[in-house]
Every structure is written in C-alpha cells, then in structure tokens.
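A.B. asks: Can you read through this structure? Questions will come right after.
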Amino acid sequence: HLLQFRKMIKKMTGKEPVISYAFYGCYCGSGGRGKPKDATDRCCFVHDCCYEKVTGCKPKWDDYTYSWKNGDIVCGGDDPCKKEICECDRAAAICFRDNLKTYKKRYMAYPDILCSSKSEKC
C-alpha cells in the first residue's frame, strides 16, 4: 500500500517521501520512461518492475503486514501476493537509504519531457 511504502521510506531515509521522491527523476512516482537519471531513480525503476511482476493483488492499494526489527523491515503475513508487494517496497526503501549520498535535488519534480530516451526493459 502506498501509505505503508511512504512510512518505510520516511523511516529509512528521514526524508518526506511525497516531496523528495514522488516526482524524482524519470521513474519515481506514477509511470516512467527513458533512462533512470541516477541511482535513486534506478531504485524507482526497479520498484516499478517489481510491481509489474506481482499478480493477484493491487500493489498500490492492498495493505500488507510488516514490522521493524533492529532498524530493518520484516515482511510478514500469510498472503503471498501481499508479502511480495511488501518485499518490493522494502527493497526500494533500502535502495533509497543506500543511495542518499548521491540524491540530487535537481531531479526533484523532474519534467517528464526530459525523459524521452528509449525506455529500458525490466
């Protein structure tokens, strides 16, 4: 669920996700095309690909079960589809944290028109 994903990102990075990631680069937020602008944008590209592989549930809207253990996200629950969504979100939140040093403010609210090169395949 997008609100759960937001909480993961906030706790992992300390950044407000809606401001910092919702419109970052060519792939963060809704849709995506072209080549990812940097490592953070690539996190979003990989997250989009992860969501594409999920079948049987709605990644953006279905709630899943997770907890925090020693600063890490632990996905749980009995529903394999929802657990898969959680794992996609977990991986992206960790990716954002791991790439904070190369995060570039100039890619916030990046115009889609500048993402016109050929899109990569998942």
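From the backbone N, Cα and C atoms, a Cβ is placed for every residue, glycine too.
Marked as active site by Swiss-Prot on the basis of similarity to another entry: His47, Asp89. What Swiss-Prot lists as Ca(2+) binding site is Tyr27, Gly29, Gly31, Asp48, and the listing cites similarity to another entry. As annotated by Swiss-Prot, disulfide bond applies to Cys26-Cys115, Cys28-Cys44, Cys43-Cys95, Cys49-Cys122, Cys50-Cys88, Cys57-Cys81, Cys75-Cys86.
How about a rundown of where these features are and what they're close to?
C.D. replies: For His47 (active site), applying a Cβ distance below 8 Å and a minimum sequence separation of six or more within one chain yields Tyr27, Cys88, Asp89, Ala91, Ala92, Cys95.
For the recorded site, Asp89 (active site), the DSSP three-state label reads helix.
If you take the C-beta of Asp48 (Ca(2+) binding site) and look for same-chain residues 6 or more apart in sequence within under 8 angstroms, you find Tyr27, Gly32, Cys122.
In this view, Cys26 (disulfide bond) is surrounded by 26 other Cβ atoms within 10 Å of its Cβ, with every protein chain counted. Cys26 (disulfide bond) falls within neither a helix nor a strand when secondary structure is assigned with DSSP, and so counts as coil.
Residues within less than 8 Å, Cβ to Cβ, of Cys28 (disulfide bond) and separated from it by at least 6 positions along the same chain comprise Tyr21, Ala22, Thr40, Asp41, Cys43, Cys44.
Secondary structure from DSSP puts Cys95 (disulfide bond) in a helix.
Of all the Cβ atoms in the protein chains shown, 10 others lie within 10 Å of the Cβ of Cys122 (disulfide bond).
Cys50 (disulfide bond) carries a helical DSSP state (H, G or I).
Cβ contacts within 10 Å of Cys57 (disulfide bond), excluding its own Cβ and spanning all protein chains shown: 15.
Close to Cys86 (disulfide bond) in the fold, though at least 6 residues off in sequence, lie Gln4, Tyr64, Thr65, Tyr66, Ile73, Cys75, Gly76, Gly77, each with a CB less than 8 Å from its CB.
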A.B. asks: Taking the centroid of the Cβ atoms of Tyr27, Gly29, Gly31, Asp48 as the Ca(2+) site, which other residues of that chain lie with their Cβ within 8 Å of it, listed in sequence order?
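C.D. replies: For the Ca(2+) site, the extra neighbours are Cys26, Cys28, Ser30, Gly32, Cys44, Phe45.
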A.B. asks: Would you count the other C-beta atoms found within 10 angstroms of the C-beta of Cys75 (disulfide bond) for me?
C.D. replies: 17
A.B. asks: Using C-alpha atoms, which one of the recorded positions Gly29, Gly31, Cys49 comes nearest to Cys115 (disulfide bond)?
C.D. replies: Gly31
A.B. asks: By a simple count, how many Cβ atoms lie within 10 Å of the Cβ of Cys81 (disulfide bond), its own Cβ left out?
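C.D. replies: Result for Cys81 (disulfide bond): 16 neighbouring Cβ atoms inside 10 Å.
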A.B. asks: At the level of the C-alpha atoms, what whole-angstrom distance separates Gly29 (Ca(2+) binding site) and Cys57 (disulfide bond)?
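C.D. replies: Approximately 19 Å lies between the Cα of Gly29 (Ca(2+) binding site) and that of Cys57 (disulfide bond).
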